[in-house]
Each structure stands twice: as structure tokens, then as C-alpha cells.
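Features of the protein shown, as given by Swiss-Prot:
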type     : residues    : note
DISULFID : Cys31-Cys76 : disulfide bond
DISULFID : Cys41-Cys61 : disulfide bond
DISULFID : Cys46-Cys70 : disulfide bond
DISULFID : Cys50-Cys72 : disulfide bond
SIGNAL   : 1-25        : signal peptide
Amino acid sequence: MAKLLCSYLFICMFVLSGFLVFSSAKQLKTCTSVIKLGHPCDIESCLNECFRVYNTGFATCRGDKYSQLCTCEYNC
């Protein structure tokens, strides 16, 4: 009976510690910025400009090919 109780307590401690680590993990914030290019927006030049300006490891771009405005999303 004592072995069963110790095993149960060990499993509960393991699950609780995993939950605490998961809940306290820092989440990445995503920021959005508008980049004005001198030519119609294309994804490649938007990504290059976003990486150059914000120096981040993650970036996505949106925009249309008729507008000179591109929307850049990056990790803050």
C-alpha cells in the first residue's frame, strides 16, 4: 500500500510540475508594421525589408501587387 501511495504522489508531482512549466512559459508577441516600398508590394522585397529593419528570426508579409504598402508581421 505504501508503494502505491508513493507512486501516486510521484506521478502527481510530475504532472503538476509539467503543468506549472507549461503555464509559465513565455509566449512570443507578434507585432505588425506597414512598410512603404517605392514599387508595388512583392513578398520577397517585403520580407527582405522586414528582416533588415526589425532584425528578427520570423517575419511574414502581406500585401497586394497594386499597392506600395506591405504589412509585415514579426516577433517583437
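Yeah, the Cβs are placed from backbone N, Cα and C, and that goes for glycine too.
Close to Cys46 (disulfide bond), meaning Cα to Cα within 10 A, are the following disulfide-bonded residues out of Cys31, Cys61, Cys76: Cys61.
Counting other Cβ atoms within 10 Å of each Cβ, the lowest count among the disulfide-bonded residues Cys46, Cys70, Cys76 belongs to Cys76. When the disulfide-bonded residues Cys31, Cys70, Cys72, Cys76 are screened for a C-alpha within 10 angstroms of the C-alpha of Cys61 (disulfide bond), the residues that qualify, in sequence order, are Cys70, Cys72. Nearest neighbour of Cys70 (disulfide bond) by Cα distance, taken over the disulfide-bonded residues Cys31, Cys41, Cys50, Cys76: Cys41. Taking the C-alpha positions, the distance from Cys31 (disulfide bond) to Cys50 (disulfide bond) comes to 12 Å. There are 22 other Cβ atoms within 10 Å of the Cβ belonging to Cys72 (disulfide bond). In the three-state DSSP reading, Cys76 (disulfide bond) counts as coil.
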